[in-house]
Amino acid sequence: MGLLSDPNRRRALISLLTRLNAPICVVCYMAGVAWFMGLAFEPFTLRTYMSENAMGSTMVEERFPAGERALATGREFSAHKKKAGGMPVDWLVKTMQSQGLEVFTQRFSRTLPFPDENKERYMVKGTNVYGILRAPRAPRTEALVLSASCIPGDNNNQAVGLLLGLAQYFRNQVYWAKDIIFLVNEHDLIGMQAWLEGYHHTNTTGMDWSPLQGRGGSIQAALSLELSSDVITSLDLVLEGLNGQLPNLDLANLFYAFCQKIGVLCTTQGKLQRNDWDSVSGYSHAVQTMMLMVMKQASGRPWGDHGLFLRYHIEAATIKGINSFRQYKTDITTIGRLMEGMYRKLNNLLERLHQSYFFYLMPSLSHFVSIGYYMPAFGLLAVILLLRALDLWVQLASPPPRTEDGFVDPEQMSSPGVLSVLTPLVISHLTGVALYTLPIRFQEMAVEHFPVSETEAVVLTAIAVYTAGLALPHNTHRLLSGGGTEQGWKVLKMVAVLYLAVLLGCTALINFSLGFILALTLVPVAAFVTPHAPKALSAFVLVILSPACTLLFSVFFFQELQEMPISFLDGWMLYLSVISQGILDHCLYGSLVYPLIALLVYPCWLLFWNILFWK
C-alpha cells in the first residue's frame, strides 16, 4: 500500500509499466499458456477424493443378478419399438406396472425454428414414460432419477432393458429412503427438456407438453444410461452439461470408486488412464484428455441427457458403454451391480452434494485440476488487457509533444469527439444484433430466392451478416465528425480493451474453457492492434484470430484430439453443422454461447477492426 500511496513511487511504477509494457505483455501471454499446459502434469494436479461423508465408503454389497433378463427385456423392447415405429408406450406402461411402479406418461411437441438435418427432424412429437418407486422408509420428499433415451434404430435398447431390470430389482428392496424415478424419454434432449420443465412447472423454451400426473420428491441426483451393445469393454463418464456446467465432483468420484471396486474399466473423454505420467507420451495423453474436456465445455452444449438436469441444480452425469477392440469385457450384470452400488450410496445422502468442487478440469478420472489452479492461467492473459489500458491512459493523460520551434501540433491537441467514439460502439453492436436475429427471420426469404434448404439458409445468412459486418464500422467516425484524431483511436481502444477484459472475466467465471479459448485469440488482437501497423498483414492476423476462424480451427483441433482427422472439405461441412447446432441449442435448450458470440464478442472484435483502419 505504501508503494501506491507515495506519489513518487507510484509515478515510478507507472513509468516502469509503460516503458516495459510490450515485453511484460509478451511474457504474461507465454506464462499463461505455459501455466495452462502444465496443469495436465500429474505432480501439479490433485488426486480425487470423496468429500461427502455419506458416500465416503463403498462398503455396499451389490447383489444385482438379472443381467441376462435385462438383455432379454432390451431385445423385447427393440421388437416392440420396431413394431410401433417409435416409442412403444403401451408396452412400457404395462411392463412398469407389472413391476409395481406408479407409471405415468407425458406427451410433448415442438416445432424447431429450422430443420435439424443431423437428426432429420423438424416437427417433433413424442411421449415420455416414467415409473416412480416410492420410498418405503422416508416421507418421500427426495428423489433420484435413472433415465435412458429411446433412440431410433438399434441404439440404446440395452440401456432401457437394464433400466427395467434395475426397476424390478429395486422394487424388492426395503432400504430405499428416496423415491426412485425410472424415465424413458423420447427424442433424447427434447424429451428430457419437456419432462424437466413439466416436473418443475417451468416453461423456458416455449415447448408444448402435457402436465405431469405424478411427481416424486425434490430430485437430488440423476444418472443417464447409454448402452448399445450386449458386451461392454469400458464405461465412459460424460460430465459436460448445458453452458459448460459440471456436476459436483463427488459424483464422478463415486463412479470411479465403484469402477475400481467392481473391476470395471472406466474412461473419461474415451481415454484410458495411464500411469506413466513422467514420460512424454503419458503427459501428452493427459493433455489430450484435458483439452477434450475444455473443448466440450467451451461448446456450451449438453453432451448427454444429464446436461439439462444441471440447470435445475441437480447433480447428474451420463454413463456411456463403449464396445471397442479392447480384450477386456464387462457383462450387463456387472454394470447393473455398479449402478446398484451408486444408487445405494446416493440413497444415503442427507443433503445435496455440495462439499466437493463444481469448477474443475480432469486430465484423468483419478486426478483433477481445481479452479484455484487453472484460474491463474486466465489471469495472466487478462492482466495484459489491464496493462494495455494503463499504457493508453498514461498516453492520453500526458501533454502532447512539442515541435522543434516550441509549438504543439494542433492535431495532437484536438480532443476526440463523442460521436467519433460512440458511433463505432453503436454500429458494432447493431451488427451483432443483426447477426443474432436475421439468420432465423430471413430463412424463408433465402429459401425462396436461392436453391438452399432452410438449415443452409440459416447458416449462410449468419456467415453473410458476419462478413458484411466487417465493412459497417469501418471508419464510421468519419461520417459524423469528418475525420478521426490520434487521441480518438486511443480512447476507443482503451474502451474496447476494458470492455473485453470485463467480458472475458465474466465468461471465464461461468465457463472457464470458453473464456480461456477466447482470451487466447482476442488478447493478442486487443494488445497490439494500432492504425499505424501494416494494414494488409494486420488485417490478415485479425481475421485469423476472429471468433469465426477460432471456431473453424476448434473444429479441426477437436477432431485431432479425438484421433479422427478429417479433410478440409469435411471439416468445412462439419463447421457449418456446428454453427447450425449452436443456433438450435440456443433456441431449444437455452445455450448461451451463440448470443454471447453474436451480441458481445463479435461487436467487441469489430471495435479492434475499426481501430486498425482508423484515419
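For all residues, glycine too, the Cβ spot is worked out from N, Cα and C.
Worth saying up front: this structure is predicted, and the values here are computed from it rather than measured.
Residues or ranges marked as transmembrane segment in TrEMBL: 20-41 (among others). Below 8 angstroms of C-beta separation, residues 277, 283, 286-287, 289-290, 361, 363, 369, 373-374, 376-381, 383-384, 387-388, 390-391, 516, 519-520, 523-524, 527-528 of the same chain, each at least six residues beyond the ends of the transmembrane segment (20-41), sit close to that stretch.
Residues annotated as transmembrane segment in TrEMBL: 371-390 (among others). Within the chain carrying the transmembrane segment (371-390), a Cβ under 8 angstroms from the stretch's Cβ atoms is held by residues 14, 17-18, 21, 24-25, 28-29, 31-33, 35-36, 39, 44-46, 357, 359-361, 493-494, 497-498, 500-501, 504-505, 508, 512, 515-516, 519-520, 523, 526-527, all 6 or more beyond its ends.
Taken from TrEMBL, the feature transmembrane segment covers 417-436 (among others).
The feature transmembrane segment is assigned by TrEMBL to 457-476 (among others).
Residues or ranges marked as transmembrane segment by TrEMBL: 496-529 (among others).
If one looks beyond the transmembrane segment (536-558) by at least 6 residues along the same chain, the residues whose Cβ comes under 8 Å of a Cβ in the stretch are 292, 295, 298, 463, 466, 517-518, 521-522, 524-525, 529, 566, 571-572, 574-575, 578-579, 597, 601-602, 605, 608-609, 612. Among the features that TrEMBL reports, transmembrane segment is placed at 536-558 (among others).
Non-local neighbours of the transmembrane segment (564-584) in the same chain are 112-114, 116-118, 299-301, 439-440, 455-456, 458-459, 462-463, 551-552, 555-556, 591, 593-594; each lies 6+ residues outside the stretch with a CB under 8 Å from one of its CB atoms. The annotation transmembrane segment is assigned in TrEMBL to 564-584 (among others).
According to TrEMBL, the feature transmembrane segment maps to 591-612 (among others).
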